[in-house]
Amino acid sequence: MTISPPEREAKVRVTVDTDPVPTSFEKWGKPGHFSRSLARGPKTTTWIWNLHADAHDFDSHTSDLEDVSRKIFSAHFGHLAIIFVWLSGAYFHGAKFSNYEAWLADPTGIKPSAQVVWPVLGQGILNGDMGGGFHGIQITSGLFQLWRASGITNEYQLYCTAIGGLVMAALMMFAGWFHYHKKAPKLEWFQNVESMMNHHLAGLLGLGCLSWAGHQIHVSLPINKLLDSGVAPEDIPLPHEFLFNKSLMAELYPSFAKGLTPFFTLNWGEYADFLTFKGGLNPVTGGLWLSDTAHHHLALAVLFIVAGHMYRTNWGIGHSMKEILEAHKDPLIIGGEGHKGLYEALTTSWHAQLAINLAMLGSLSIIVAHHMYAMPPYPYIATDYPTQLSLFTHHMWIGGFLIVGAGAHGAIFMVRDYDPAKNVNNVLDRVIRHRDAIISHLNWVCIFLGFHSFGLYVHNDTLRALGRPQDMFSDTGIQLQPIFAQWVQNLHSLAPGNTAPNALASVSPIFGGDVLAVGGKVAMMPMTLGTADFMVHHIHAFTIHVTALILLKGVLYARNSRLIPDKSELGFRFPCDGPGRGGTCQVSGWDHVFLGLFWMYNSLSIVIFHFSWKMQSDVWGTVDPDGTVSHITYGNFAQSAVTINGWLRDFLWAQASNVITSYGSELSAYGLLFLGAHFIWAFSLMFLFSGRGYWQELIESIVWAHNKLKVAPAIQPRALSITQGRAVGVAHYLLGGIVTTWAFFLARIIAVG
């Protein structure tokens, strides 16, 4: 950290332009108003594709960085408005169409539902029996559990929140318009990273955590404590009563009677009755202790608020981003000019900034997926198996898409924003200069992992086919135990009293300990890892490395390669390097993203299959009064998942029976979706396995027929370009694949869970 005399630093100011862009519905009503060529209107059918491709590509509208920044800033408000409308809709469904109050009274006996189908064509069959006389569609979003944890005790509160969401959406819409058309920030405001870091860390994250901790302490904790002890929701005081009536709170948490005295006299331990460090899960609800999570958010709030005072603005004290980056160099690891030049790259390229943020947020989403099942954060979510499976799958896929997006915007940065003159011998330049070594080594790793991990399965299938189980890799044959993972599990289970001396229990029974049963179902129990997990883990390693190889190659070779030295002149997406140069197709940055999407999907399919089967086999199930656990698939993972045939027969085929035989039941919609999504997936292959010329010839013969009948269109039909065809192909491939998996998973887990 440095302290500098204030006069040396440029002052942080909020500077805006007033009325920079007129509000003109007439202009916006004209399709393609943002592009001179598109505004002329369609000559061929390609126009509609270009309209969609370029509508949000602000770089193509203008080269003025300030205007691009304002458009992105304004679009963020629009995005937030959509999110608020979407959330409001979810809360409204909870208020109007759900059995939330019935579920709250009996969360282990009643299934959550927030949608009732109108029987127009006999779809009434889809309204399954949720218990308590309610018929509807079972939901798996985890919202009921979240609402319970928030302290929502009736549907009227959900109505109020839904209306609040719409008010916020309107506010966001107004803000988006206001900050583009009325008072638009100047470029210097967007580029002031120290002020941005301070406000985002202290404001968004710090005060965000603090307000959530405050809500948890003053509203969630007392309401959940009463619910856990069996008080009926309608008998619990309303949130404002807990806020303003100290004696009500003091009955539940005695330290409330002392007010703020312990805080100001530094006797913070007095508050340990509601800010706990118990560890483990609440045996009543199977979720994390809410007093632990309140403590956690309070601690995070303190950290982030402190972090929000780290960067130097108008007071001459604190860190400077540029100085930090330019000081990052050492001869051993970083080398050369280190991070010099990155400050300029990140303050002039939104693509560079976005690539980093997408990579981080995508990784975070994947980490969240894994934490949410191992340490269930909300009451009764652990025993709601369909919700656990859905949330894991959802966060994995979101993370995968965001990481591929990071590769996309990294490549766009290289093509559109990278300036070689400003990156001489810094880390970026040095990575690009030894890209051949990076990519060839990564390729070797992929080949090694692929052949060896797949080879283990081929070996096992062969020996099982030949009737030699003792020579297979399995827990009962040749063992390949995941010793490092088992060591980490053991480390976690031994932490209380050792490395975590104040914790009463380890973070979750999943690492070791006793079975935690809630309502006769397993909420969480130790997960034994064995040879089958070791093998599929290396398949994960293989597919993740291939995805990384494709995306990284796309970024590092986005500007040029030995094959096409002038790639940056061709742009981010181009089909081939012109006629007369064979073997130059599928080399653009865009094509790497296209291929990366398939491997991301491939990779995550195996992850969610592994999770689904492992949990059904070794964790989820029923618990008898004598403590006997019966798992859903009776622990068949360890022996079946070591062969390819086992995966096909005992997972895909055996568990697809629920969706395939769903006709005539409330799960029949999943049966229809399963078939329909297979169709969409197959439809994608028509775009992926065909040539443009074939379609152009076909179109021309159809146009000839139209001319004969004198009904020729004014807009000339054109076959999709190579890139357009690929975009349509990958979109339908992923949509079909994801919906197929969704239908397969939900029909299965709702039937058995």
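Backbone N, Cα and C atoms are what each Cβ position is placed from, and that goes for glycine too.
Per Swiss-Prot, the features are:
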type     : residues       : note
BINDING  : Cys576, Cys585 : [4Fe-4S] cluster binding site
BINDING  : His678         : chlorophyll a' binding site
BINDING  : Met686, Tyr694 : chlorophyll a binding site
BINDING  : Trp695         : phylloquinone binding site
TRANSMEM : 72-95          : transmembrane segment
TRANSMEM : 158-181        : transmembrane segment
TRANSMEM : 197-221        : transmembrane segment
TRANSMEM : 293-311        : transmembrane segment
TRANSMEM : 350-373        : transmembrane segment
TRANSMEM : 389-415        : transmembrane segment
TRANSMEM : 437-459        : transmembrane segment
TRANSMEM : 534-552        : transmembrane segment
TRANSMEM : 592-613        : transmembrane segment
TRANSMEM : 667-689        : transmembrane segment
TRANSMEM : 727-747        : transmembrane segment
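This view paints the features noted in Swiss-Prot onto the structure.
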residue : record                        : Cβ neighbours (10 Å)
Cys576  : [4Fe-4S] cluster binding site : 17
Cys585  : [4Fe-4S] cluster binding site : 13
His678  : chlorophyll a' binding site   : 15
Met686  : chlorophyll a binding site    : 13
Tyr694  : chlorophyll a binding site    : 10
Trp695  : phylloquinone binding site    : 17
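Here the transmembrane segment (350-373) does not touch the transmembrane segment (293-311). Their Cβ atoms form fewer than 3 pairs under 8 Å, with each pair 6 or more residues apart. Same-chain neighbours of the transmembrane segment (534-552): 403-404, 406-407, 410, 438-439, 442-443, 445-446, 449-450, 452-454, 456-457, 473, 480-482, 485, 592-593, 595-596, 599-600, 602-603, 606-607, 610, 641-642, counting only residues six or more beyond its ends whose CB sits under 8 Å from a CB of the stretch.
Within its own chain, the transmembrane segment (293-311) has Cβ neighbours under 8 Å at 1, 193-195, 197-203, 205-207, 209-210, 212-213, 216-217, 220-221, 274-277, 318-321, 377, counting only residues six or more beyond its boundaries. Against the transmembrane segment (592-613), the recorded stretches 72-95, 389-415, 727-747 differ in Cβ pairs under 8 Å, and the greatest number is found for 389-415.
Note on the transmembrane segment (389-415): residues 140-142, 345, 349, 351-352, 354-356, 358-359, 361-366, 368-370, 372-373, 547, 550-552, 554-555, 558-559, 567-568, 571-572, 589-590, 592-593, 596-597, 600-601, 603-604, 607-608, 611-612, 615, 738, 741-742, 745-746, 749, 753 of its chain, located 6 or more positions outside it, place their CB under 8 angstroms from a CB of the stretch. The DSSP secondary structure for Trp695 (phylloquinone binding site) is helix.
When secondary structure is read from DSSP and collapsed to three states, Met686 (chlorophyll a binding site) falls in the helix class.
The CA atom of Trp695 (phylloquinone binding site) is located 11 Å away from the CA atom of Met686 (chlorophyll a binding site).
Among the binding-site residues listed (His678, Met686, Tyr694), Tyr694 has its Cα nearest to the Cα of Cys576 ([4Fe-4S] cluster binding site).
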